[in-house]
Amino acid sequence: MSDDREIQLEAEKHGVFLTTMQRFYNWGRRSSIWPLSFGLACCAIEMMATGLARFDLARFGAEMFRASPRQADLMIVAGTVTKKMAPQVVRLYNQMPEPRYVISMGACATSGGPFRDGYNVLRGIDLLIPVDVYIPGCPPRPEALLHALMTLQKQIDAQRLNQVRWYGKREAKEYPVPTFGKHGLEIDGKLIDPVGGLPLVSPYTSPTHGEMRSGMIEHPELVRHFPIMDETVERESPYKATGIAIEIAHNDLKRPAVEVDHAEDERR
C-alpha cells in the first residue's frame, strides 16, 4: 500500500493524477450537490444565510439551489413540517432523481421541536422519507448546516457503486404519499403519527446508517384528546362545531375538572 502511495505522489509531481473510477465518480457527486429551493419555517432563514457571501456555500459546490425537484440532489427540510404540508414534501422527494439525499435541519424537522405535541405538526420527517443527516438546534446556525453538508460528503465518499440502491437498472423507490383520514395522516389506512400517547418508530431511518431504526422516539404516555380530532365533534361551518364539551377541553389541556360549590357562592 505504501508503494502505491509513493507512486501516486511521484506521478502527481509530473501532473498525473492516479485514482480509481469509484473515487473519481464519488468526487464528482460530492462536489456538485444541488439543493432544492425549499424552506418551511425559521430554519430556512439560516439556510438562506448559508448561501450568502459570509459563509459561502459555493465552496462546496452546493450553491445552485434549484426551483425544480427534478434538477435537485438534496432536500433540506428546513423547519416545521405540518401535517398539511407533509404530503407535498413526499411528492417533491419522489420527483427527485437518484441519487437523492435529505438533511433534516432543526429540531422541528427532526422530532417536531416545541410543537411535537400539537395536533397539526409531524413529529419527524423521517416518518415519511429517509434522512441522511440530522442537524439539532432551534434554529441551527449556518455553520451547523455546513457541517451537515461536509458529513454528507463523507457519506458519499464512502459509497460503493455496486452497493448503493440507485446503481444499475434498479427502479427508484416511490415512497407512499400520506392522505388525510378520520384521525390524521394515514398510509394504507394506518395512522402514521397519532396525536398523543403512542411511541413512534420510524420505518425508514436510523441516525447513523440510513437503515431500519431500532429505537423509539420519546413521547408522553398520557393520551391527549383534541376537539377537532374527537369522534363526537361535528363541524357545522368553518368556524363553528358542535359536540365540544367541557370534559373534552379538560382532557385536551390535562387539567383536572374543577367542581364549583354553588351553595358556598350563595352563602357569600
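Heads up, the Cβ atoms here are built off N, Cα and C, so glycines get one too.
The [4Fe-4S] cluster binding site annotation in Swiss-Prot covers CYS42, CYS43, CYS108, CYS138, and the record cites sequence analysis as its basis. Counting only same-chain residues at least 6 apart in sequence, those with a Cβ under 8 Å from the Cβ of CYS42 ([4Fe-4S] cluster binding site) are GLY79, GLY106, PRO139.
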Proximal but sequence-remote residues of the same chain as CYS43 ([4Fe-4S] cluster binding site) (Cβ under 8 Å, at least 6 apart): ALA78, GLY79, MET105, GLY106, CYS108, ALA109, PRO139, PRO140
Remaining residues near the recorded [4Fe-4S] cluster site, that is with C-beta within 8 Å of the centroid of the site residues CYS42, CYS43, CYS108, CYS138: ALA41, ALA78, GLY79, THR80, MET105, GLY106, ALA107, ALA109, GLY113, GLY137, PRO139, PRO140
Among CYS108, CYS138, the most crowded of the binding-site residues [Cβ within 10 Å]: CYS108
